[in-house]
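Colleague: Sharing a structure below in structure tokens format, with a few things to ask.
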Amino acid sequence: MSNVEKEPGPQGEESPIAQSPAPDEKKKREYKDFTHDEEKPTHANVDMSLIELKAEDLYDKEKVDLETIVIEDVFKLLQCDENGLDTEEAQRRIELFGPNKLEQEDQNPFLQFLSFMWNPLSWVMEGAALVAIALSNGSGQPPDWEDFIGIVLLLFINSAIGFYEERNAGNAVKALMDSLAPKAKVKRNGTWSEIESAGLVPGDMISFKIGDIVPADCRLTEAINVSIDQAALTGESLPQSKKLGDQCFSGSTCKQGEAEGVVISTGANTFFGRAASLVGQDDDTTGHLQKILAQIGSFCLVSIGIFVIAEILVLYAGFRYSYRRGLNNILVLLIGGIPIAMPTVLSVTLAVGAQQLAKHKAIVTRITAIEELAGVTILCSDKTGTLTTNKLTIDRATIRTYGPFSADDVMLLAAYASRTENQDAIDSAVVQALGDVSRARAGIKLLDFKPFNPVDKRTEITYREESSGKLKRVTKGMTGIIIELCTRNKTEELENTLEADVEEFATRGLRALAVAYEEVDGDEHENEGNGFELIGLLAIFDPPREDTKQTIDDALALGVKVKMVTGDQLAIAKETGRRLGLGDHMYPAKVLKDGPAPGGKHLSLDEMILDADGFAGVFPEHKYEIVKRLQGLGHLCAMTGDGANDAPALSRANVGIAVEGATDAARGAADIVLTEPGLSTIVHAIRGSRIIFQRMRNYSIYACAVTIRIVVCFAILAFAFKFDFPPFMVLIIALLNDGTIMTLSVDRVLPSSTPDSWDLAEIFAYAVAYGIYLTASTIALVTIILKTNFFYDKFGVTFNGNPSPAGSNDYQLHMIVYLQVAIISQALIFITRSHGFFFMERPSAALMGAFCIAQLISSIIAAYANFGFTQIQAISGGWIGIVWVWNIIWFAPLDWIKFAMKATVIKTLRERHAQAQAAQAEQAISGVPITRTQSRAASIHESLYSNRVSFIRRAARKVGFGSKISIKPEELQRFGSIQAARTGTTLARNPSRTAA
């Protein structure tokens, strides 16, 4: 939500400058202008005892002037009073209005389970199951029940594993989110108590004080010097003063005073709730990972399709196979070639990764964001609370002194002039700077204290020094005010020095706080002093977090450029950038509209944004523009935010990150929610996401290679030897493979030192090379067995007592091929998961254990299985040993194939990719727009890989979601009155059973 007309200050960060003199004066002037034409409160011109307002009545000022409706009418509308509700009525209203929180759409467990079977890869397997049961009962044979049951079992096992892991991850995230539930102070049964704010209902009496977040939309019934920060609503940087009868909105922060109010709206009906429901709801876009899945799936499907067509032509037209025999060969390609576990393995890997990231205090709300975070090249970060501590501090190294007092003396006297309880941010900073806070009152007796107020703009203490018994007075505050009070040492020279010091502080983004001192005559604290003397100038700033500089260095080492995007002043941004080593090439937000200065070093705005270290004075719409332009330059961009107004930018970014303490609206729009302050959590998440990415990439190469290996191998065997491999044994291979491959989700891998990206040409090149090599290993073995007696002559192994098989479809030969394919295909994972020699990178215990168990089962099947329903027969221990040795011999060169591919094909592909990226960036910077037009058919194809059955959700979605909203601050009051009236009509339709 933006307010273009009123030009509010930057949103999302509490700046120390927000309390500086100029804004205070501006605020005061604005307050006078506002109160000048204030309307007097009116009553509703309807019979309040009936309370039957219709929707059209709400805007009829003849009946109810909603902008100025008095608080008494609000109580009547809400059927409550200042004693609050009783427990029974509150429970009734919870059922009527729902909990006071933004409800997240719960996924139907059954649909979530079925979603793992809803993608083209699964459809092929489902088609194979139908072929086995409905189309394979030709040639006088019954339907292929064994293959049908096996395929369905494989589908259900994959879906069950994926469903279990995803639900587990979802439950872990939900538990963490629940732990963040805010509290509210509410009056129930006439007494005050603290409850979770989700339990609030319209009509509840609530109270809040300085530092509290307003828990629900309310009208104030009591207000003592109340100031509310509505930056997350309207983008205004300055807190707004509130009085009796004014409305406060959920998510805004109380910056001063104490207040009580009556809740007029909760949950999705609050201002925040309505805003959140309109941001990021149009989920018609396909995630990045779904696009990758679609392309990998297409590669596998095209490979299978080519060889299925070839088999139909060769086996039926050429070899004149019977219907059932040819169908069995086609089933082998369909079952063995489809990487049926791919959506499940990737979902499980992401789900397990989400749980691991949660340990680093990063809650993943969109699971595929993990994959995108691994490729992030630019991180746009808030300053306050993320790069800095969001806690004002005195910079002791820059204290200026103007009299006989030392810097330590000035600090101590400034601490005297500060409150030690119920402090504001500046008093707290001054007292904390002492180290030992007890020194702020040690050795003195407090006689009188004047706290800071917007008129005087200073604090003052009168005290008795216990050691001497003398009365003394110290004041601290705005420089211009303090120097006017000083009468003892004020000279032209001193004023010039002071002005120079203040200007120097300002250029460095430091706020100046002057300190003056006088002695008081007599024993009465009201007595006049001997005249204030300026003794020092303190510099106040929001210091960088201790770990931020190291974290930024870590991010740069990971290839991620950090840009500061702050609502604070440019000078403050530059000073923070210098202290953090970010650089000080900062620009004001207005350059995003005006563009670079003529004759400057930047030819275009895009070039300036790319070169900048950060931007200051930004509005939420500036954040959106920055993200959009960086993405146009080909970068994957992450953006941090904390307010409702940040939601569009968080939604637009590849990875939106809601920082610690963000509003519900920002959390709802973000992909990752941080529960700990600071940038280090984000860098931990980037490193963790790259580990997860490596696991997914390793599996993708493996899955594509196995597809090529199975499809090409069994097609060539059928063409060359009329070899008919039983489909059921391919199912066994697939089942054992899946069990092993699932452990990749916890494999031990190293994160890359640069942002990751899916170079599919690379993946497919590796897959083809490995697949053809493994195909050669099987064809060579079958050729030697069928064409020679080599193994009988050397090792004495036989086929049922014969030196050679009875034919190309000897049942024992089928078993030998099964064992050879099962072992070496699964061993390939150790090649794809490593960058160097496979034995140099130790796999996880889970992966190694699963591999050993799978190979043990395969060897036991080969030694003992004599399934009557399929064409296999157990083989001797000699043949099992030969197959193992054969596979070890063929496995050894696989690493060298990997290195040869890296040095030739992969190197060429990467060079071409780098050239294309450079050309694209140059084109974008020169001002030529980059357009990537995508066909609707491709978009539909990609969306089919989504595990969220989004097509069902879209069909049920109401029209109108996804639109942008805008509201002016002056409209908020009208909005609040409408809320109260609507709540009243709901209560009128559902009257309390105990109501008089």
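The first residue you see is number 1, and the count goes up from there.
Using the three backbone atoms N, Cα and C, a Cβ is placed for every residue, glycine included.
Automatic, uncurated: that is what TrEMBL annotation is.
Annotations for this protein, taken from TrEMBL, read as follows:
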- 1-42: region 'Disordered' (REGION)
- 23-42: compositional bias 'Basic and acidic residues' (COMPBIAS)
- 65-137: domain 'Cation-transporting P-type ATPase N-terminal' (DOMAIN)
- 296-318: transmembrane segment (TRANSMEM)
- 330-352: transmembrane segment (TRANSMEM)
- 699-721: transmembrane segment (TRANSMEM)
- 727-751: transmembrane segment (TRANSMEM)
- 763-786: transmembrane segment (TRANSMEM)
- 811-832: transmembrane segment (TRANSMEM)
- 844-865: transmembrane segment (TRANSMEM)
- 871-892: transmembrane segment (TRANSMEM)
Colleague: Are the transmembrane segment (844-865) and the transmembrane segment (330-352) close, by which I mean at least 3 Cβ pairs under 8 Å that are 6+ residues apart in sequence?
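Modeller: The transmembrane segment (330-352) and the transmembrane segment (844-865): touching, no.
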Colleague: What are the DSSP helix/strand/coil residue counts across the domain 'Cation-transporting P-type ATPase N-terminal' (65-137)?
Modeller: 42 helix, 2 strand, 29 coil
Colleague: For the transmembrane segment (763-786), which recorded stretch in the set 330-352, 699-721, 811-832, 871-892 gives the largest number of Cβ pairs separated by under 8 Å?
Modeller: 699-721
Colleague: State the non-local partners of the transmembrane segment (330-352) in its own chain: residues 6+ outside its ends, Cβ under 8 Å from one of its Cβ atoms.
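Modeller: For the transmembrane segment (330-352), the far contacts come to 116, 119, 121-122, 124-125, 127-128, 131-132, 136, 144, 147, 151, 154-155, 158-159, 161-162, 165-166, 168-169, 289, 293, 296-297, 300, 303-304, 307-308, 311-312, 367-368, 370-371, 692, 695-696, 699-700, 703-704, 706-707, 710-711, 714-715, 725-727, 730-731, 733-734, 737-738, 741-742, 744-746, 945, 947.
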Colleague: Would you report the average pLDDT that the model assigns to the domain 'Cation-transporting P-type ATPase N-terminal' (65-137)?
Modeller: 78
